[in-house]
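Structure first, commentary second.
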Amino acid sequence: MADSTPLLSKSDSSDFDPSSKQPLSLDETIEQCIGDFRFSQLIQVLLVTFAWVFDSQQTFISIFTDSEPKWHCTQPGSEPCSSATDVCHLPDHAWSWDDPARTTIISDWNLQCENSFVKGLPASSFFLGCVLGGLFLATLGDSSLGRKNLLLLSCLLISISSLFISGVGRATVGSTSLVLATELVGKRWRGQMGVACATTAMVGFLTLPGIGYLNRGESWRTLYLWISIPTIAYCVIVVFFVHESPRWLLVRGRKEEAICTLKAISPTNDKAKNMIMALSSAPTLEQESRNVDTFAAFRILYQRKWALRRLSILLFMGCGIGTVYYGMPLSLGNLSFNLYLSVTLNALAEIPSSVITSLIVDRFNRKNLLLFFNMLSGICSILCVVKGKLFTRIQIGLELVSFSSSCTAYILAHIYSIDLFPTSVRNSVLSLTRQSVVFGGVFSPVLVAAGRRNDFLSYGIFGLVVIFCGLFVLLLPETKGKKLCDTMDEEESKEGSACHGTTCA
């Protein structure tokens, strides 16, 4: 099994020479069944990727719930209030919030005079929950729960909780959704699944300005209620209408369930029917290819040097992307620009990001694309520091380019991580990659709070970090146009063939 995961001989398919007995791999077998994109697969993709709407809402809701509201003097023209720029230097009776104190966490919990670490702690606790949740939940998608059930569990957690616990649930929503969508379509459409997820994430982000505006003056808790109830309804839809990944089912030895799923989403042509019939009589995968307990994926990745190298580089690069991807929207309140409009523009900035990715993902090398968009994002972020020499519109323009570039890098990093690792650990790796991006976001709220007094502590650091971390992508192998492997042995065999006589990661 070092070279492939054989399921069928090519003589089982009418498209192959009957004299050929070369076995088909799992990837080739499923490709024959679902390679042609049909309406049933479209419905599955739409249902699965819609989870990113709630992922995006939970991630960026703190733009409104954790913002520092405006204030005014209770006695206009009186000293020292009229000349003050910081309420912390004023007596309590001399000033008041423009809106009720309950509207944001900062005013509700009286954090306005605390240091930047304390001010950023509510949002940072969410991202910290994402990191820890990813570590504990990530491998469940490859082991006991599977893709569908983990997606359901994650969505339930974010719908019934907030802040830290919500972060724990949110940790695996996006990664599980992307892996499941990717494994329900053929090779030709894999790259587009990342774009589909990014598009639905943009939809979720775009709903936030409307939700925030409609609930202005209301408690920040009301905003969380608005995004939680629809998530519960989505969980019901997942239970009854979403199929499990046929790849995962076959790797886990659940062949009958996999065949039922393939029959539901495969074309009705003779080729697909013949492959499914042949698959039903083929032997079950060897036990070693599916013997993965909750933390076995981590052990496997640690034991294989090539896998550990690849994973370490992906995680390091993800941290850099995360500082900008999360930091830029969270720092919108620091700009001299309307908050609702700036959030709307940032959400719309994900549209060109998705379009650009869909156009270039299958035309250019993954490494070069990731390097370019990391560099572009970092440079524009650093230029945002030059606040005194730039008009506000130019500054918001640079911020939008930086954020949009980080969105593109974010999507590409997801697609790249899927290509770099086999089915047996793919969900775990993708989840860890996402958590590395989130780990970069853990520090973003603190830097944003510090940036209210010095822009370099936010935009400057964001830019330097993403540029430095992005350079490490050069150490990874190129994956464009390569087939997906199913087991670590198969991937290692391909790695050895590609790196024979050379040095590569």
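Glycine is no exception: its Cβ is also placed from the backbone N, Cα and C atoms.
Note: TrEMBL annotation is automatic and uncurated.
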Can you check which of 34-54, 307-327 TrEMBL lists as transmembrane segment?
307-327
For the transmembrane segment (307-327), name the stretch out of 120-138, 223-242, 368-388, 394-417, 456-476 with the most CB-CB pairs under 8 Å.
456-476
Among the ranges 120-138, 223-242, 394-417, 456-476, the one whose Cβ pairs under 8 Å to the transmembrane segment (368-388) are most numerous:
456-476
Run the contact check on the transmembrane segment (394-417) against the transmembrane segment (456-476): 3 or more C-beta pairs under 8 Å, excluding pairs closer than 6 in sequence.
yes
